[in-house]
Amino acid sequence: MSVEKMKIMGVIGKNNLLNRVLRLVTLNGSMHMINALVRVNSTDFFLPPSEENIEALEEEPFLRSYSSKRDFTKDEEVIKLLLNIFNIKPQLRMEFLGQDYDYDDFMKQFSNIYAKIRSTADEIEEKARLIDKKREYINNLKYLSRLSIDISRFIDMKYLVFRLIKISRENYDKLKKNYENIPAVVLKVAVEGKHVIVASITPVNLEETLEKIFSSLNYTILAIPREFSGTAAEITEELTKSIDEDQKVIESFKKSLEDYRIKYIKEFKKGYSRLEMEKKIEELKSEIAMGDKLFFMFGFVPVSNVTKLKSELENQFGDKVIILVDDINKSGLGITPPTKLNNIKLFRPFETLVKMYGTPAYHEKDPTAFFGLTYMLLFGAMFGDVGQGLILLFSGLILELGWKRTSLGGILSRIGLSSTLFGFIYGSVFGSEKILSPLIIRPMANINVMLVAAVVFGIALILSSYIYNIINSSLEKNIEEGLFGRNGAVGFVFYLILLYTIFRVFVTHSNILPVLIYIMVGLLLLMLFKQPLSNKLAHTDKLYRESPANYYVEEGFGIIETLLSMLSNTISFLRVGAFALNHVGLYIAFATLAGMMSTSWGNLAVLILGNIVIIALEGLIVFIQALRLEYYELFTKYYRGDGIEYIPVQIKGVSSVGRKISLNHKKVIPLGIGVYNFTTL
Amino acid sequence: MDKLTRYSAVNTKIRVMEKEFLKREDYLNMLKKKSVADAARYLKENISYGKLLGEIHPDTVSRRDLEDILKRNMIKNMDKLIHYFRDDYKDLIRSLYIKYEVEDLKVLARSIFNGKEPETIEKPLSFLGKYSRVDPKRLFKSRTIRELIYSLEGSEFFEFLIPLVDGRRENLFRFEMALDMGYFNIIQSRKLKISGEDREMLKKWEGMIADLYNIQWIYRGKKFYHLSPEELLNYTINFGDKLTFADRKDMCYTKNLEELYRMTINSVYGFLFKKEEISRDIYMERRINRFMHYKLRALTRRLPMSIIQTIGYVWLLEFEIRDIISIIESIRYDLPPEEARKFLVKAA
């Protein structure tokens, strides 16, 4: 229920081990990398001057950042082609990555296989193109099928030229209307969609003229095979036969590819996983510092994972790498530790909402638990309804468990739960107050009580946020804000006395005690002088960080703002009561509309529609209003949220060991069929 | 939707935009300028073009930059107008882009043919992709006409161009002709759901344009290219207002130019051949444009609540840009203002 403690881990090793170390770290997935040069140059970095560290100590002053970016386009091409030809689903597998291997050696084995597969694939493609061509011939010959003459006689004519062309209908029209001037016999053979197929015969010496005329008609020539003889039907038959033959050749090629598949499929899959891994670790290298022989890498690791990562490194590399583990407290100011939030399941979804405002700093108290609890209370109080709450609860659960939308679904189910509980308190089911009797209160019947309770609840929240801020400031050892600040101890006492005074005047109708006034003025003065006072206490040389004039102008207005915001923040919580009333009011409006319906079906329909509107519209408004109260009224008091999120280096989408075996079995079956995809060839 | 609701908003917008057109005095003043910089400064300082030329420095601006700015402004205004329409009317206004995109495609093809780099093209090709929705970058990458044709794959122009590749005729002349054929084919064969009155008007207007271009084509084909009558006829636009197919055929099969003049001189389009022969060649295009200009002005006055208002605006804007560029060019080549005026469409 807090921010997880971190340690800084460093790994120093020979340059040739770098890729392997990075791979292991990535698979381990718990290191948040930091720039190694920054770490080495920070004041508290210290390599113990022992024998095994000698080399590292020698290199330390000459480190530089890793600059040469490796180019993977060639490898990517190879792997992409292999995956495509063998129709392998790109999938990262832990088993292929976990092994200790050398990437370059591993890729080398592909170069030979790749060349062979590539040429086979090219040949298949070539054959496929031939088949296409022949199919086109067959299609063109179809237009001549009415002629029972040897086609080759047309083509081999000595004094006449035969052509089969395609032109648009519109252009055919022009041709037809000007037929008397065309130096050829032109025959319409077929009409296909927007086009007309035309056969023409012209004397050889007029061929050129005709070509010009046809060109101006934007024709497309339909090719007829020259190397065959016989009627259209005979040639078609012959072509069909040769297509079959070609297909057989393709089949045999495919078979030979199949052999490769059976033999190497595991390697191909490995190849994909390992290439992806290599690309990932190449990205990480920008954070690495390189010496002539050694590399240095550093990162934050949560305390709970340190031993695991350390032992993994030791197991694989033994004494070939130096592993450094330092506590954070020692670390210099230069590097901010990342924050890893660790909350119980009930509050975990609310981390998203907290991060929307800002990630807590490493030394700050994680507000998620307080946020989650109060957010649920606020939402429930404003939107208390058993029926609608349950709908939110179940839709949240469906999102969370069914669609794996953990943060949205989680928040929805939790506020739904709270809404349901408050529904019992208010005695409201789908807006109707006739079904249940309230456990505690009916909002509409006790308007004043609701509003006052809301403000009291708000005061409680504000007071706890003061306490939160005091704790946070004392963790940071910030006297200025924690003790004298308007949200610190002084502000806290001032707020209490102010509340007491107001209580005396308006509730018990007694006079204002002069003492209280003096104390309050004194407290305000403390706030005004917070910077010089705290600097005095801390024995700092300078009393002011900036010019005193600026400081007092700013703080003077700050005091006024404090007074205003104390009032407005408190009154702001009225909305909690107001929305609880509003919720009932909205239902009453729909209930009245429903009563105006003549049929009972209409009545029901309006009520259902009304409930949908209430859940969608009011649910959203209340969601936002509660968030507003949290962010504006409370977070501004105690939460800074200027931390860095913990993002460990990981490779995404690695399938687990258990699943991959079952997938392997499934893959065995379709081997014989072999689906090929040549689109990217 | 009745025409009042359809046109009142867009027509108001057009009236406002028309205010930005140059006045007659503006043309005359610009003609008197001695240098391109002066003319550019005049545009920048005196009239509505000022805000367009905001970031431009008149002393260094080139004709190309200026033309680019003007064309982009035209695109901006046309896009504005498109927003006022819906359904098929939207398509109709968008199809006004075809003419300009085809023009730009031809310029691009010509420069590819001459082996020029896209950056050195004299004219800004601002309209590329406006109708075809092809990424201009893809077009600019082409190194041959064949590549250019393939880069247009997926656009409506492609089906008219692909026969060139299949027949190995992808030369410049055929490319240009096929594009033109495509242009007129697209605007003629589309089936728009527009009001009967607009359809009639559009048919007449487009038919008139086709007539004019056909006559010009036949005249030039006969005089300069010496094409066979069959080819001439096949390349004519296959519709028209006054001219039928038979008319066109007769014109193509005239023995000589004299016969062609005689045939047209008494028709509506006789003005094209009036005056001495030399001016025919030089000014024919300008006469066509001027004829359309007057026709548009008459039509827009007669049909205030019709699509011609929008079409007319676009054409007039085009003429204005042509005129500005003509003025700049004639200043560059030191043409005296009286001579230069003879090339202008809107003001003379």
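The backbone N, Cα and C atoms fix where each Cβ goes, and this holds for glycine too.
Remember, TrEMBL labels are computer predictions, not curated facts.
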Ranges A:145-163, A:411-429: which does TrEMBL label transmembrane segment?
A:411-429
Of the listed stretches A:411-429, A:483-506, A:512-529, A:573-598, A:604-627, which one has the most C-beta pairs under 8 A with the transmembrane segment (A:375-399)?
A:411-429
In the same chain, which residue numbers or ranges, 6 or more beyond the ends of the transmembrane segment (A:573-598), come under 8 angstroms Cβ to Cβ?
378, 381-385, 426, 428, 431-433, 443-444, 447, 450-455, 457-459, 461, 604-607, 609-611, 613-614, 618, 621-622, 625, 629, 633
Report, as numbers and ranges, every residue of the chain located at least six residues beyond the transmembrane segment (A:483-506) whose Cβ falls under 8 Å of a Cβ in that stretch; write 'none' if there are none.
459, 462-463, 465-467, 469-470, 473, 512-513, 516-517, 519-520, 523-524, 526-527, 529-530, 533-534, 558-559, 562, 566, 637-638
